[in-house]
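**Q** Dumping what Swiss-Prot says about this protein:
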- Ser58, Thr59, Arg60, Thr61, Gln85, Arg109, His136, Pro137, Thr138, Gln139, Cys273, Leu274, Arg318: carbamoyl phosphate binding site (BINDING)
- Asn168, Asp232, Ser236, Met237: L-ornithine binding site (BINDING)
Amino acid sequence: MTNSVFQGRSFLAEKDFTRAELEYLIGLSAHLKDLKKRNIQHHYLAGKNIALLFEKTSTRTRAAFTTAAIDLGAHPEYLGANDIQLGKKESTEDTAKVLGRMFDGIEFRGFSQRMVEELAEFSGVPVWNGLTDEWHPTQMLADYLTVQENFGRLEGLTLVYCGDGRNNVANSLLVTGAILGVNVHIFSPKELFPEKEIVELAEGFAKESGAHVLITEDADEAVKDADVLYTDVWVSMGEEDKFAERVALLKPYQVNMDLVKKAGNENLIFLHCLPAFHDTHTVYGKDVAEKFGVEEMEVTDEVFRSKYARHFDQAENRMHTIKAVMAATLGNLYIPKV
């Protein structure tokens, strides 16, 4: 059967989908999560072959796409940075045309948004963005599913992102929230405010949904009546040379218990897309502590382990939401309208 809404489409950025479509995917994710919990098979991709292209390393994205594909009856094949020649020895166009003849769908996690767009343009199969420097759409479905699970709704809630307001997670939270009717506040130093084009895009969606967008470096203004506090690493992959600068700049934007209390909402939840640098129990954490004198970075260990934390639910939801995207765009489902 033909899926007239999603069949054959790529999932490259949230802005390409309507509010109704994103809400449908979140609802489908919840349904597939329930089937998984009840051990009911859902092999909507039986016999399909899925290519997993990774320029950037990953734990959650790789694990989520792999388990989601297997649960759906598909066969995932991992191709790491040393296995693919995108833009190096072979153009992205040529690679896409080859992979599109061998695989039924392609996931890409890397640096360039243009690269994932070229894969979609030339492969002839659905392509799913597992993360680029600009957008992180599969993460957003997991994030907003987690929010919906905790509050029973999305519209009218307030989500506050604390930290680097220019990174892919901040971009995606801002735009996706605006589409879904969620008020999104970016709490960030002016030097790291989101790009003007991203803010304008979000404001356009917010006008349609009734949400509001706030970009501020004032903590009181940012977190007042917050339902969700969200943060991410201070230094994104590829920016390691800016570590000292970011630690100094972002220390006032750390999610700690003082910030939680400032929100004035005992029912708020804390989210983090992980990995989180909340202690010195890793080689990386010890190295940062020795070099920069900080034992906790974007979130304190107290908040990370508190009653407010939902990041491990959020991480699990990566699998369920990725499964929904693959099933809807490639599976034998009939969804004539949303």
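The backbone N, Cα and C atoms fix where each Cβ goes, and this holds for glycine too.
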**Q** Mind checking which of Ser58, Gln85, Thr138, Asn168, Ser236 has the fewest other CB atoms within 10 A of its CB? They're the binding-site residues.
**A** Gln85
**Q** Compile a sequence-ordered list of residues in the same chain as Cys273 (carbamoyl phosphate binding site), six or more apart from it, whose Cβ lies below 8 A from its Cβ; state 'none' when nothing qualifies.
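**A** Counting only residues 6 or more apart in sequence, the Cβ neighbours of Cys273 (carbamoyl phosphate binding site) under 8 Å are Arg60, His136, Gln139, Asp143, Val169, Asp232, His311, Gln314.
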**Q** State the Cα to Cα distance, in Å, between Met237 (L-ornithine binding site) and Ser58 (carbamoyl phosphate binding site), rounded to an integer.
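**A** That separation, Cα to Cα, works out to 11 Å.
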**Q** Measure between the Cα atoms of every pair in Ser58, Thr59, Arg60, Thr61, Gln85, Arg109, His136, Pro137, Thr138, Gln139, Cys273, Leu274, Arg318, the residues the record assigns to carbamoyl phosphate, and report the largest value in Å, rounded to a whole number.
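**A** Among the residues the record ties to carbamoyl phosphate, max Cα distance equals 28 Å.
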**Q** So among Ser58, Gln85, Thr138, all listed as binding-site residues, which is physically nearest to Asn168 (L-ornithine binding site)? Use the C-alpha atoms.
**A** Thr138
**Q** Rounded to a whole angstrom, what is the C-alpha distance between Thr138 (carbamoyl phosphate binding site) and Ser236 (L-ornithine binding site)?
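**A** Rounded to a whole number, the Cα-Cα distance is 17 Å.
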**Q** Compare the Cα of Ser236 (L-ornithine binding site) against each of the binding-site residues Ser58, Gln85, Arg318 and report the nearest.
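**A** Sorting the binding-site residues by distance from Ser236 (L-ornithine binding site), the top entry is Ser58.
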**Q** Which value in Å gives the longest Cα to Cα span across the L-ornithine site residues Asn168, Asp232, Ser236, Met237 as recorded?
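**A** The widest Cα-Cα gap among those binding residues is 12 Å.
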